[in-house]
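Marked as domain 'Major facilitator superfamily (MFS) profile' by TrEMBL: 15-489. Residues annotated as transmembrane segment in TrEMBL: 17-40, 52-72, 84-101, 113-133, 154-171, 191-209, 245-264, 284-305, 317-336, 401-423, 435-459, 465-485.
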Amino acid sequence: DVVETQEHYKSRWRSIWIMYLTMFLSSVGFSIVIMSVWPYLQKIDPTADASFLGWIIASYSIGQMVASPLFGLWSNYRPRREPLVISTAISVAANCLYAYVHVPHSHNKYYMLTARALVGFGAGNVAVVRSYIAGATSLTERTSAMANTSACQAVGFILGPVFQTCFTLIGEEGVTWKFLCLQLNMYTTPVLFGALLGVINIILIFAIFREHRVDDMGRQYKSINSDGEGSDVLGQNTEGSIDHVAVVALNILFFVILFVFAVFETIATPLTMDMYSWTRKEAVFYNGIILSAIGIESVVVFMVVKTLSKKTGERAILHAGLLIVLVGFFILLPWGKKLPNIQWQEIKNNSIPRTAPSEMLAPFWSLPELQLPSNHTAEPVGCPVTQSWCLNTPKIFLAQYISSDVLIGLGYPVCNVMSYTLYSKVLGPKPQGVYMGWLTASGSGARILGPVFVSQIYTHLGPRWAFSLICGVVVVSLLLLEIVYKRLIAFSVRYGRMQE
């Protein structure tokens, strides 16, 4: 056993801070263009439709899902600097490609799809980041370090759209550098800024990042990744098998956590447009404010759980977080008798404005006969009659929606941090790259399936079915947590090397 020196401690935490930065930049790379993808896509390729936009958004998660286990496996046997630098370089190149997708004369939308998929592939280094932090922290440091990691990720998601908003001042035309075939405008400047941050990240990885490893008690050991021919020097401390039941259960729980949050993010805009007759601009603006507030709330929660977990333990906090998420979605269930305003549109090729209550009493079949003036350009608002459930499903009141936002914004970060922390503790001193890769991949899969699920169920069956099914999924996850509760303990505790 080697006592950790002060210099080793400082170097170890400098390296961990570089991992925080890498996580932050990965999140910024995703969110910095998310608001402008659709208008940019329409500008470069008029043949692209909304369904193709869905593929472009999903391509990031697909790329990350494929790359995470691969980078994780790489980091188990080689110095972690290698996958970190290569993955970041891929993201830099992908951002540059995104800035040039307007250049080809055809198939521009496919170049954009490729660029976003490669950015997601580069973001597969999240598995390397978390596996390094798990190996470079003791059990007492782990929860705090994982909370900081998630907080950096959340701040990246918050600041990405802020950077995007600042770059809108450049305008759609911007400046063109013909000798580089480069247009610097509100669509391309953000990704080039992201590429610059990636280059800075690579420089810092070379300059500051060092391989460090401590065991669960915080004792210093030579890292298995310090050179390509190294062997596991932890010896007998790695003896014992990983509890794969606990590992699989935590992967399922993490999938559910990311799934329900992806559903929440996806449904926010259409739900508020249907229920409150908001225009597209109002829905984007108000929900942007709400999601920003939730992001700030999440960062505060990340900081609080670091202290709270020392008193109650991670398992109890994870249980409480899932209960809070369940209550948040239960509140969203439609109650009462008041129906949302109906948008009578696309019936017999006619569009009519929102009708007053007295006009709503007219026979249903007579409404399509009303026509708008030929010069009417107002955006139709309300719950579209093409969604048959709009005619019989009660309105979800704004107070319900805001209350649900607050609760989900509280429960999600709690579940996120605790699942990562418990997962790393269950794995123990074994190399965690591949396992962290699978956990990241399960989260990416949830972000792909969540929007698909909710868009189909919500459109055809309405919010009552959509949120009832989500509540059912969370209840099943709570039952699973109860079943495996006693197995979610640290590797060293399981084999009697430490007290819980």
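Every residue, even glycine, has its Cβ placed from backbone N, Cα and C.
Across 17-40, 52-72, 113-133, 317-336, the stretch most heavily in contact with the transmembrane segment (465-485), judged by Cβ pairs under 8 Å, is 317-336. Stretch with the most C-beta contacts under 8 angstroms to the transmembrane segment (17-40), considering only 52-72, 113-133, 154-171: 154-171. Ranked by number of Cβ pairs under 8 Å to the transmembrane segment (401-423), the listed stretches 52-72, 154-171, 245-264, 317-336 are led by 317-336. Two recorded stretches are said to be in contact when at least 3 C-beta pairs lie under 8 angstroms, sequence spacing 6 or more; the transmembrane segment (245-264) and the transmembrane segment (435-459) meet this definition.
Beyond the ends of the transmembrane segment (284-305), by six or more residues, the same chain brings 35, 143, 147-148, 150-151, 154-155, 157-158, 161, 265, 268-269, 272, 278, 317, 402, 405-406, 408-410, 412-414, 417-418 to within a C-beta distance below 8 angstroms of the stretch. Sequence-distant neighbours of the transmembrane segment (113-133) (same chain, 6+ residues past either end, Cβ-Cβ under 8 Å): 15-16, 19, 22-23, 26, 29-30, 37, 52, 55-57, 59-64, 66-72, 74-76, 80, 83-84, 87-95, 97-98, 101, 145-146, 149, 420, 424, 431-433, 435-437, 439-440, 444. Across the domain 'Major facilitator superfamily (MFS) profile' (15-489), the model assigns an average pLDDT of 81.
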